[in-house]
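S.K.: Below is the structure I would like to discuss, written out as structure tokens.
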Amino acid sequence: MSGRGKGGKGLGKGGAKRHRRVLRDNIQGITKPAIRRLARRGGVKRISGLIYEETRGVLKVFLENVIRDAVTYTEHAKRKTVTAMDVVYALKRQGRTLYGFGG
């Protein structure tokens, strides 16, 4: 054993990150047709032009909250990989229980 503790094989010494890509404006990757498809699935017939930016904003806030909670669960378990169960628990904590992904 190399003294790295539990689950420490092959993870290196954990030195400084060399490159961290700056992520910005990725919310525009949620395209107008994608939002339209979601609305159609929800039974919407006509969509105002202002809806697309509003939807992106709401989706961004929702995902930030879920991901923050999921990462908190991951860190508490001393893992580096966010699992499906972390996301399920994060959604449950927010009152949006999701079935079909274990647990």
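Glycine is no exception: its Cβ is also placed from the backbone N, Cα and C atoms.
Quick paste of what Swiss-Prot says about this protein:
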type     : residues : note
REGION   : 1-20     : region 'Disordered'
COMPBIAS : 1-14     : compositional bias 'Gly residues'
MOD_RES  : Ser2     : N-acetylserine
MOD_RES  : Lys6     : N6-acetyl-N6-methyllysine
MOD_RES  : Lys13    : N6-acetyl-N6-methyllysine
MOD_RES  : Lys17    : N6-acetyllysine
DNA_BIND : 17-21    : DNA-binding region
S.K.: Checking distant contacts: for the DNA-binding region (17-21), what same-chain residues at least six beyond its ends satisfy Cβ-Cβ under 8 A?
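M.R.: Long-range Cβ neighbours of the DNA-binding region (17-21): none found.
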S.K.: If you skip the near sequence neighbours and keep only those at least six away, which residues in the chain come within under 8 angstroms of Lys17 (N6-acetyllysine), Cβ to Cβ?
M.R.: none
S.K.: What are the DSSP helix, strand and coil residue counts for the DNA-binding region (17-21)?
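M.R.: Its residues divide into 0 helix, 0 strand, 5 coil.
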